[in-house]
Amino acid sequence: MRSFLLLTALLGVAAVAEDGLAAWLRYAPIPHAKSYHKNLPSVIVPLNATAGRPIDTAAYELVDGIKGIFGKRVTLKNETRDDPNLPAVTVGTVEAYAEAGGDVSSVPELIDDGYYLSVAGPSVLILGQNERGALYGTFQYLERLAQGKVSDTSFASNPSAPIRWVNQWDNLQDGGTHGSVERGYGGDSIFFWDGRVRDDLTRASQYARLLASIGLNAVIVNNVNANETILTQENMDGVARIADAFRPYGIQLGLSLNFASPQSLGGLDTFDPFDERVISWWGEITDELYERIPDMAGYLVKANSEGQPGPFTYNRTLADGANLFARALQPHGGIVLFRAFVYDHENLNETLDWKADRANAAVEFFDGLDPQFEDNVVIQIKNGPIDFQVREPVSPLFAHLSQTASAVELQVTQEYLGQQCHLVYLAPMWKEVLDFDLRVDGKDSVVSDIVSGRRFNNTLGGYAGVVNVGLNTTWLGSHLAMSNLYAYGRLAWDPSADSVELLQEWIKMTFSHDQEVVDVITKMSMESWPAYENYSGNLGIQTLTDILLGHYGPNPASQDGNPWGQWTRADADSIGMDRTVWNGTGNAGQYPEEVYQMYENIDTTPDNLLLWFHHVPYTQRLKSGKTVIQHFYDAHYRGSATAQTFVSLWKTIKGKIDKERYEHVLFRLVYQAGHALVWRDSITNFYYNKSGIPDEAGRVGNHPYRIEAEDMELDGYEPYLVSPFEAASGSHCIVTSNNSTEGRASTPLKVKNGKYDIAVNYFDQAIGNSTWRLFLDDDLVGEWKGDLEYILGRAPSPYIDGQTAARITFKHVHIKSRSTLSIVGIPDGMEPAPIDYVSILPEGVID
């Protein structure tokens with residue numbers, strides 16, 4: 001009964017308001033729900049259910065799901081049914097079903113976590129190889145029902161890989177440079193606050209439920225940049241409570257570790273992995289954790305990267321470091337995921353060393369270590385060689401590890417891809433990675449087969465998704481971004497799944513069965529990654545974001561001239577990294593022969609990776625016949641134009657989605673449309689300034705509808721030179737003369753009488769909440785505040801730059817000829833009410 005009450009409490013939240021908390025598990029009524037009643041079960045029969053375990057959870061999930069979707073109450077029968085024709089759902093393990101006298105001869109072979117689902121009218125059989133598998137099968141059955149799929153079926157489903165984990169980059173404390181959740185845009189940590197585990201772990205239980213519903217099986221609950229205090233007695237007790245919250249859903253808990261903990265926490269004078277005291281210390285800590293959490297999944301370790309300690313301090317190898325933890329885990333059956341994200345961020349020198357290349361680091365550090373890792377070590381490899389860019393080639397390290405299992409690290413949180421403020425559906429990108437054939441030894445070597453263990457006959461391997469949910473009821477900060485979490489889980493289970501089919505499953509369960517709703521969200525989502533790539537970074541140049549600050553707004557110059565290694569090597573004549581063997585960094589040579597030959601040769605390198613592998617003049621012709629620079633111009637205009645269509649598309653389904661979620665999504669799509677223009681102008685102006693080559697279409701730098709703020713009549717405002725220059729339309733904006741007096745910028749309008757859209761581009765810094773008022777003559781058109789830092793969840797910035805640039809548009813404004821437009825800016829805190837420009841746009845025109 002306790003399980004039932006808890007689950008009902010969790011599900012009941014969605015009935016109060018459609019705030020996103022239930023995500024795709026709303027169990028909302030489907031069209032014509034009552035007409036299905038005769039084909040639905042009336043009884044739930046859980047086999048060998050124990051309170052707080054997955055079979056028990058499955059039973060109550062079925063009760064709530066069938067009631068929510070169809071309005072039909074079903075009863076729970078806690079003993080084996082004696083009538084095989086009874087309209088019942090029987091749920092349990094294969095073993096329990098056989099022990100109860102069931103016929104398992106027709107059940108296909110199942111592996112750990114696999115399940116068998118048989119639906120014959122109202123008689124349903126859900127069997128798992130283990131309890132977790134039975135729960136997965138239950139969720140699959142309910143998700144079919146939630147999509148209106150009630151027809152008879154019979155099939156088995158096995159996971160593609162044993163490791164289907166989530167990484168949460170949650171910090172024990174808020175503050176610092178990365179807040180409560182590093183690269184998290186959905187609010188504070190659901191696990192930690194003020195240096196300890198939260199008292200209320202309701203959201204942890206809800207999270208486990210979501211993850212189990214898509215076939216995931218473990219969560220690393222703390223940041224890879226780990227704080228050693230996660231291992232204090234109080235916090236080990238606390239993480240045991242998190243594990244308790246996860247356990248009803250079959251989700252296991254794992255921890256990120258700080259390599260130097262024996263010294264920084266344990267009081268030793270060393271953290272050398274060969275020192276017997278260090279070995280004993282880790283063994284004792286691991287024993288203590290398993291006493292508290294007998295089903296703990298294992299550890300995640302980031303070592304010798306971006307300031308994190310590791311074995312290099314003592315001239316030990318990465319294998320030595322990984323094996324330290326692996327051996328401590330072996331008596332308990334645990335696994336260590338050891339990150340391949342290892343590079344020197346302090347000494348890489350772009351200017352002095354043409355062959356220096358961060359993309360080479362993983363292979364250079366791990367090559368030759370393959371036979372040395374313990375069997376319970378899995379190398380966790382980012383999908384690309386750099387860092388979750390809008391497009392990268394597959395990491396070559398997957399081809400270098402045959403005796404050691406590997407897992408692909410994918411990023412659900414959109415660190416470089418719009419931080420959930422821009423719609424970017426990531427499944428098509430991930431599919432390109434998982435379907436890529438590395439041709440190891442001239443044989444089929446698809447990435448998904450490598451990480452599953454099939455290609456090299458490894459028993460371990462799989463997936464690690466960096467998700468970073470928070471306390472926001474949308475989980476990720478955006479309702480639409482949750483499609484990425486859903487797709488991640490589904491692809492980890494079955495990498496052959498289709499991106500569109502996954503998306504449409506999610507839409508029906510999250511929003512509506514209405515075909516127009518399905519079509520609109522499908523169109524927007526499937527166009528979103530190409531659009532973002534077009535207006536952020538093309539041809540493999542990487543996401544041209546500000547890599548030195550929040551990884552959010554445009555700042556292409558920040559890529560170069562520093563040791564972070566995300567270089568473009570752009571100068572006045574040419575652009576791109578030469579990663580060839582014959583003349584460059586040799587990165588192409590890290591790939592197996594067939595792939596190496598493709599990337600080494602500029603003629604066979606795909607255009608979308610041209611600048612990743614080759615340094616070329618701006619006038620280099622692509623396979624399309626366009627020059628590189630003209631492609632940049634065209635792509636940025638095309639991508640930003642696509643983003644404008646998302647707003648109008650979304651508006652067509654108004655009234656078909658609840659108001660709360662409709663308005664929340666609309667706000668972000670309007671913001672994205674404006675910020676896409678900021679991206680477009682910043683990148684095109686930057687490369688026009690650098691190359692001196694004009695846009696053949698005459699668009700770049702030519703904005704006839706704009707009025708630059710610095711050209712207006714100013715009272716209490718003054719011009720300000722923006723850095724980087726391309727972040728402002730004319731390199732300048734205006735700011736109030738001081739932080740206590742309002743400013744006014746005015747200009748007569750030279751337009752004909754009529755209706756126009758008035759767009760104002762401004763900067764919303766995270767150091768105050770300025771207010772702006774827009775007037776036509778003495779009439780107030782509109783007012784807004786600089787409070788996006790409280791709404792969007794993106795990385796905050798105190799600067800006037802591409803991260804804080806924003807746009808507001810007032811539609812269908814009647815303007816009389818010779819009217820005077822004025823903007824009054826009222827500063828707040830340290831924010832001086834900055835304005836970039838105003839556009840007076842004929843209706844339907846985007847400048």
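Cβ coordinates are placed from backbone N, Cα and C, and glycine is handled just like the others.
Residues or ranges marked as signal peptide by Swiss-Prot: 1-22.
A 10 Å cutoff on Cβ-Cβ distances gives N48 (N-linked glycosylation site) a total of 17 other Cβ atoms nearby, all chains included. Look at Swiss-Prot and you will find N48 (among others) tagged as N-linked glycosylation site, backed by sequence analysis.
According to Swiss-Prot, the N-linked glycosylation site annotation covers N78 (among others). Other C-beta atoms found within 10 angstroms of the C-beta of N78 (N-linked glycosylation site) number 12, with every protein chain shown included.
Taken from Swiss-Prot, the feature N-linked glycosylation site covers N227 (among others). Using a 10 Å radius centred on the Cβ of N227 (N-linked glycosylation site) and all shown protein chains, the other Cβ atoms total 20.
Following the DSSP three-state reduction, the secondary structure of N315 (N-linked glycosylation site) is coil. The N-linked glycosylation site feature in Swiss-Prot is assigned to N315 (among others); the stated evidence is sequence analysis.
Annotation for N349 (N-linked glycosylation site): spatial neighbours A356, P563, criterion Cβ-Cβ under 8 Å with sequence separation of six or more. Taken from Swiss-Prot, the feature N-linked glycosylation site covers N349 (among others), and the record attributes it to sequence analysis.
Sequence-distant neighbours of N472 (N-linked glycosylation site) (same chain, 6+ apart, CB under 8 A from its CB) are G186, G187, G793. The N-linked glycosylation site annotation in Swiss-Prot covers N472 (among others).
Counting only same-chain residues at least 6 apart in sequence, those with a Cβ under 8 Å from the Cβ of N534 (N-linked glycosylation site) are A635, H636, R638, G639, S640, T642. The N-linked glycosylation site annotation in Swiss-Prot covers N534 (among others).
Sequence annotations record features per position, and here Swiss-Prot assigns N-linked glycosylation site to N583 (among others). Around the Cβ of N583 (N-linked glycosylation site), a 10 Å sphere holds 13 further Cβ atoms from the protein chains shown.
For N689 (N-linked glycosylation site), the same-chain residues 6+ apart in sequence whose C-beta sits under 8 angstroms from its C-beta are F725, E726. Residues or ranges marked as N-linked glycosylation site in Swiss-Prot: N689 (among others).
DSSP assigns N738 (N-linked glycosylation site) to coil in the three-state reduction, placing it in neither a helix nor a strand. Sequence-distant neighbours of N738 (N-linked glycosylation site) (same chain, 6+ apart, CB under 8 A from its CB) are P827, P832. As annotated by Swiss-Prot, N-linked glycosylation site applies to N738 (among others).
Residues annotated as N-linked glycosylation site in Swiss-Prot: N739 (among others). If you take the C-beta of N739 (N-linked glycosylation site) and look for same-chain residues 6 or more apart in sequence within under 8 angstroms, you find G768, P827, D828, G829, M830, E831, P832.
The annotation N-linked glycosylation site is assigned in Swiss-Prot to N769 (among others). The Cβ of N769 (N-linked glycosylation site) has 18 neighbouring Cβ atoms from other residues within 10 Å, across all protein chains displayed. The DSSP secondary structure for N769 (N-linked glycosylation site) is coil.
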Run through N78, N583, N769 for me and report the glycosylation sites whose CA is within 10 Å of the CA of N48 (N-linked glycosylation site), in sequence order.
N78
What is the separation, in Å, between the Cα atoms of N78 (N-linked glycosylation site) and N227 (N-linked glycosylation site)?
45
Closest of N315, N583, N769 to N227 (N-linked glycosylation site), Cα positions, glycosylation sites only:
N315
N315 (N-linked glycosylation site) to N769 (N-linked glycosylation site): how many Å between their Cα atoms?
51
How many whole Å apart are the CA atoms of N769 (N-linked glycosylation site) and N583 (N-linked glycosylation site)?
52
